[in-house]
Amino acid sequence: MAVMVVNALLLLLSGADQVRSSASDHRCKEGEVVPLHANKVGPFHNPSETYRYFDLPFCYPANATEKKEALGEVLNGDRLVSAPYKLDFRSGKDSETVCKKTLTKEDVAQFRDAVNKDFYFQMYYDDLPIWGFIGKVDKENKDPSEYRYYLYKHIHFEIFYNKDRVIEINVRTDAHSHALVDLTEDKEVDVEFLYTVKWKETNIPYEKRMDKYSQSSSLPHHLEIHWFSIINSCVTVLLLTGFLATILMRVLKNDFVKYAHDEEAAEDQEETGWKYIHGDVFRYPKSNSLFAAALGSGTQLFTLTIFIFILALVGVFYPYNRGALFTALVVIYALTSGIAGYTATSFYCQLEGTNWVRNLLLTGCLFCGPLFLMFCFLNTVAITYNATAALPFGTIVVIVLIWTLVTSPLLVLGGIAGKNSKAEFQAPCRTTKYPREIPPLPWYRGTVPQMAMAGFLPFSAIYIELYYIFASVWGHRIYTIYSILFIVFIILLIVTAFITVALTYFQLAAEDHEWWWRSFLCGGSTGIFIYAYCLYYYYARSDMSGFMQTSFFFGYMACICYGFFLMLGTVGFRAALLFVRHIYRSIKCE
């Protein structure tokens, strides 16, 4: 199953690359047309707030054509269209005129607003990305009312080639006074847009042309910081978990000795501690349908994460492989829905549930439902802003078809297989007819304080690495060190499992037998800590602003953190279940 999914995805993603590549595999003859595509413009500090390149009044080419985008590219907000610059292979140009146009007062005001917001442009030349700012603000006078706004009208392209292939392209804007257009005043301005093209030969092979984009995150000082964070996390976590493990093992050993001695000494002696509640510890949880659905969704998201890591480690998500990650997420989520259906329905039937169809519907909607509602809200915001993040109707139809024709049928098939598996819940102890009353407990043994304790340790293990991930997803940094990220993920799983087991033991020792939901909530509480980190990152570490960017950041991060909550909650519960079964198998319970 795993091999089939990975192979299918590799074929799909490589197929998307082949659509973008020319039949000649990027080989060009001198003078051959190599198209330059303008992608988008937007405020530099608001990565989600991007607009079509020609939403600004640049020179519009006469025969402009839109490039066909793959699903992941559209989800990424890419909208490629022919740029007005002609960059024929190895054909140099010096101060070539793109067009001459008169900017109206409205055009000047539009450009001035864009320059004030630090608008950048992004283009693609032979699938190589390039960026530049559209203008600058002169802040020599500290009074904002005396700021001067300038538009760059001359772009310089520097292109490196190796024999018959393009290897690298750089762009810079001419900041000299004669190449600037003053936009400070609301008046019509005559502008002549220019560009210069210079070609240089290089020895860099074609196969390594994307390396420069991944080098920034692999520089020695960056790697040192990453490895320092890993070692720091490992040492801290190992010390704490080792300390807890030593205590837990010693306490458990004493418990086993005590209970064995008690059985030999006197059978009528009153039991205390976790053995006392052996008749209640395997009593099924309240809302068993919701519990089973949460386990099913969490298992699916865990499987999705593992597949994404496999693809990342084999090199599918190289820098600026446009939309590859989004394509992989959509396809893998659709293909793994059967796992959610099987896990949820199988566990629900083990808990003696009868309405498995309702449970299956709940499983299908538990993660997709909130995600769909959030998408509807954010897509409406993007449409209002006329941003490229707004998905076209055709793309929405494609996603709905994937959900209808792939996700739903696989979910149902998984559910039917789970129902027919006829697996029984393996409980070492019989459950009594009536539940014991839980004794009064101090406030710090409540659900919320326990969740706070459970989430802090796993969060501290991933805290440093979170900054780099956020700077990549919600900024312009490039993240390519997936091996380090995978190590952090493994640490996160181990710590989550261990801390949940420890808290479950202390809960049972206090004769509180309602551990099912508690272990799930404690395991998933790291997701709440990550969302709290979002608030810190937004206000202290980023320069994001505006309603649209704020909505996208907190909206989609809420969905991601909710996914982490379900996934880590599942990991926590599974670890706690193994532990509880193990300790109750080790004692004689009538």
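In case you wondered, yes, glycine gets a Cβ from its N, Cα and C as well.
Database features, via TrEMBL:
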- 1-21: signal peptide (SIGNAL)
- 225-248: transmembrane segment (TRANSMEM)
- 290-318: transmembrane segment (TRANSMEM)
- 324-348: transmembrane segment (TRANSMEM)
- 360-383: transmembrane segment (TRANSMEM)
- 389-413: transmembrane segment (TRANSMEM)
- 451-470: transmembrane segment (TRANSMEM)
- 482-508: transmembrane segment (TRANSMEM)
- 520-540: transmembrane segment (TRANSMEM)
- 552-580: transmembrane segment (TRANSMEM)
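Sequence-distant contacts of the transmembrane segment (389-413) (same chain, six or more residues past either end, CB-CB distance under 8 Å): 48-50, 71, 74-75, 77, 330, 333-335, 337-338, 340-341, 360, 363-364, 368, 378-379, 382-383, 548, 552. Taking pairs at least six residues apart, the transmembrane segment (360-383) and the transmembrane segment (520-540) share fewer than three Cβ pairs below 8 Å and do not count as touching. In summary, the transmembrane segment (552-580) does not lie against the transmembrane segment (225-248): fewer than three C-beta pairs, each 6 or more positions apart in sequence, are under 8 Å. Taking every listed stretch (225-248, 324-348, 451-470, 482-508, 520-540) in turn, the largest tally of C-beta pairs under 8 A with the transmembrane segment (290-318) is reached by 324-348. The stretch from 225-248, 482-508, 520-540 with the most CB pairs below 8 A to the transmembrane segment (451-470) is 520-540. Of the two recorded stretches, the transmembrane segment (482-508) lies close to the transmembrane segment (520-540), with three or more CB pairs under 8 Å once pairs fewer than 6 apart in sequence are set aside.
Counting residues 6+ beyond its ends, the transmembrane segment (520-540) has Cβ neighbours under 8 Å at 291, 294-295, 298, 447, 450-456, 458-459, 462-463, 466-467, 470, 474, 492, 496-497, 499-500, 503-504, 550, 553-554, 557-558, 560-573, 575-576 in the same chain.
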